[in-house]
Amino acid sequence: MSISSREEYDLVVLGSGEAGKYLAWTAAKQGRRAAVIERQYIGGSCPNIACLPSKNIIHSAKVASYFHRAAEFGIRAPDWEIAMEAVRERKRKMVSGLLDMHLENFQKSGAELILGTGRFIGPKAIEVKTPEGDTRQLLGKQVVINTGTRARVDDTPGLAEASPLTHIEALELDSIPKHLIVLGGGYIGLELSQAMRRFGSRVTVLERNERLVHSEDDDVTEALHGLFLDEGIEVLTGTHVTNVEGRSGQAVTVYAEHSGKKITIHGTHLLAATGRLPNTEGIGLEVAGVDVTERGHVKVNERLETTAPDIWAVGDCAGSPYFTHIGYDDFRIVRDNWAGGNRTTTGRQVPYCMFTDPELARVGLSEKEAKARGASYRLAKVPMAAALRTRTLGETRGFMKALVEPEGDRILGFTAFGTGAGDLLAPVQIVMQAGLPFTTLRDTIFTHPTMPEGLIALFGSVPARVT
Ligand SMILES: Cc1cc2nc3c(=O)[nH]c(=O)nc-3n(C[C@H](O)[C@H](O)[C@H](O)COP(=O)(O)OP(=O)(O)OC[C@H]3O[C@@H](n4cnc5c(N)ncnc54)[C@H](O)[C@@H]3O)c2cc1C
Ligand SMILES: NC(=O)c1ccc[n+]([C@@H]2O[C@H](COP(=O)([O-])OP(=O)(O)OC[C@H]3O[C@@H](n4cnc5c(N)ncnc54)[C@H](O)[C@@H]3O)[C@@H](O)[C@H]2O)c1
């Protein structure tokens, strides 16, 4: 097919993830001809199979935890049960509402949504195969790659044959696994383990590192480990899985080495939560002149430009930290650069929150990172119970801590493990972003009794400056 038979667009986006969809909607609203190619999940992973559905299920599990604790709150609830198909239905309803929202945004903005699988057939030229078997060829003045990542199922013997659940299937369960074995003690492993435990599943977490979420400070990982043990979750860190037998959903056996001993774990279900791989193979990047990194991400500079002119890459596939809010910031970067600005990823804040209950949230430096860099700091740390709100809720577990400059007053980092930790990030982030002193938070009047009030206690305990 010749170039002339290709349909011409101002903007073609491959993958309808976070940044790409906003770029297309924005361009189309500005009167530019924009198309988004999506093979399966309209709006990307977040609303369909990742953040929002997982937090929906996790909230049902939170409600279940209240039933477990009913007597503590003075409520008699002798007869209750989890109806997993109804838990799933609640989630599906939300996802369906989000889909409608996305379709409306496409319709209102004028951006064209093309359902199908796309791959480059030349510089800035993409061929799309539709589910009906049709083929279209699109040529974009500008092209954005936004293809995301997928769950990694490693080459442990027997693992692939066991058809382990990934987050996608785990969020679609309509019955409670009798015994769920979870590979990986990172974000997905921990969020989903706790939820499944609260629904009544026996849960065993196998993590190859010596600690859960091993990049965090030791006090944080210890607190998380303690939480999991208290909830009745078996946690085996420092565990090397050697092989797997059976089939997830029926019976599965995991063979592993733990503390120098061979161990065998029998379960009914297996969840692979051992990291993610970028969706960058088989999409013709080589014919488009787009290079990839050693880890398989699209190679981009700090403006998110690839190695090919007028082709940009955004979100997980570009190696941006794997969070939806970072995907959204990638949108802002590309949008502003297209408008003649010079916005970059350099030095941007990367806040995050793991939605265990309670949550673990962090922005900026941890103690571990500060020590690795040889950076000195003043440390303030208070128990979560310092925020009196936690006592009214019966949720006093955890702590918050902040690293402050030794000789100045700027906040270098903030970590909270406790109820509402994710929301506590916001005021701290704003102070950090504005370069304001920690005393701004210490001296603010926060409403009583709310969680931010705890920041007064935290920042009131910063040791005196090193002189
Ligand atoms: C279970 C889970 C929970 C999470 N929870 C959170 C959370 O609470 N908070 C948070 O910030 N982050 C969370 N994340 C991470 C977050 O979901 C990702 O960082 C984010 O969705 C990545 O967005 P993206 O735009 O880069 O890619 P995606 O949203 O994955 O979009 C890529 C799209 O491209 C499509 N695609 C790929 N290849 C092609 C092709 N060849 N042709 C056509 N279409 C294609 C895919 O179908 C997909 O829809 C979670 C992730 C998981 C898995
Ligand atoms: N709340 C959130 O923001 C949220 C929630 C879920 C996912 N995410 C994003 O998605 C990413 C992927 O999540 P994830 O949990 O798949 O990855 P992860 O990188 O967070 O955790 C994977 C864990 O699996 C362990 N592991 C790897 N191979 C193993 C093996 N063979 N046996 C045992 N353990 C093994 C790793 O040591 C690691 O601790 C996260 O890093 C995060 O960026 C974010």
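Each Cβ is built from the backbone N, Cα and C atoms, and glycine gets one as well.
Just one of Gly110, Gly116, Gly275 is listed by TrEMBL for the same NAD(+) site as Gly184, Gly185, Gly186, Tyr187, Ile188, Gly189, Leu190, Glu191, Glu207, and that one is Gly275. Note: TrEMBL links Cys46 through a disulfide bond to Cys51 (candidates: Cys51, Cys317). Among the recorded positions Gly184, Gly186, Leu190, Glu207, His448, not one has its Cβ under 6 Å from an atom of ligand 1. In this structure, of the recorded positions Cys46, Cys51, Ile188, the smallest number of CB atoms within 10 A of the CB marks Cys51. For Glu207 (NAD(+) binding site), the Cβ neighbour count at a 10 Å cut-off comes to 24, with all displayed protein chains included. Using Cα positions, the member of the recorded positions Lys55, Gly118, His448 nearest to Glu207 (NAD(+) binding site) is identified as Lys55. Between the alpha carbons (Cα) of Gly118 (FAD binding site) and Gly184 (NAD(+) binding site) lies a span of roughly 32 Å. If you compare every pair of Cα atoms in Gly184, Gly185, Gly186, Tyr187, Ile188, Gly189, Leu190, Glu191, Glu207, Gly275, the residues listed for NAD(+), the longest distance is 14 angstrom. Nearest in space to Lys55 (FAD binding site), taking C-alpha to C-alpha distance over the recorded positions Cys46, Gly184, Gly186, His448, is Cys46.
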